[in-house]
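As recorded in TrEMBL:
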- 25-43: transmembrane segment (TRANSMEM)
- 26-204: domain 'Cation efflux protein transmembrane' (DOMAIN)
- 63-81: transmembrane segment (TRANSMEM)
- 88-107: transmembrane segment (TRANSMEM)
- 113-136: transmembrane segment (TRANSMEM)
- 156-173: transmembrane segment (TRANSMEM)
- 208-230: region 'Disordered' (REGION)
Amino acid sequence: MPGCSCEHTPAASAHITNLGRYRRILWIALWANATMFGVEMVAGLQAGSLALLADAIDFAGDAFNYGLSLAVLASALAWRARAALLKAVTMAGFGLFVLGQALWSLWHGEVPGAITMGVVGFMALLVNVGVAWMLYAFREGDANMRSVWICSRNDAIGNVAVMLAALGVFGTGSAWPDLLVASLMATLALHGGWSVGRQAWRELRSEAPASEPAQADMDAEAPSCSNRAY
């Protein structure tokens, strides 16, 4: 039909291709994080490690976040920003929970199993480095994409910290390295939640005014009842 075209522009085709690739990566990340949640929960309880339990809860939160990202992937920017706000709240909530557990463990905690911490921490590191590497190309996207990248990056940093805590526990015979690492992971979660939430809020604010002029134009173009000729 003259004046109409069903062909995709190169930019649109590239966007569709990238979106499909991003979706596949999110599915891989979701299953990897869900699996590691189960592994670290069992290992953390057996070893008595707060750092491993904190990392396990973080894996569960990330699996939820990846699922949420998949649900809003093709939605408008405002909906993706709202999803990012929800994820920011879960990241901050995780951080507060771990800080509370660390304070409780100061008086009631026991020395965790260092070998279990080290082995499981290394397994988790391999998973998170792989996910972060796959997501690296999307780190500068909208708040939703950025939140996924920040979660994966923080997880990899946290896994290295868990392994260092295992060395500290093994060398000192004390639970302090485990508590310090758990507190560090909580701080990373709070900072990440603040960063993602701030960007998502900016995107929501930028979207709201954009819709108002469009509505005003529609109202201006609509015929007025008082000006009709009868």
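Glycine is treated like the rest: Cβ placed from N, Cα and C.
Below 8 angstroms of C-beta separation, residues 49, 52-53, 55-57, 59-60, 62-63, 66-67, 69-70, 73, 116-117, 120, 123-124, 127, 130-131, 134-135, 138, 148, 152 of the same chain, each at least six residues beyond the ends of the transmembrane segment (25-43), sit close to that stretch. Taking pairs at least six residues apart, the transmembrane segment (113-136) and the transmembrane segment (156-173) share three or more Cβ pairs below 8 Å and count as touching.
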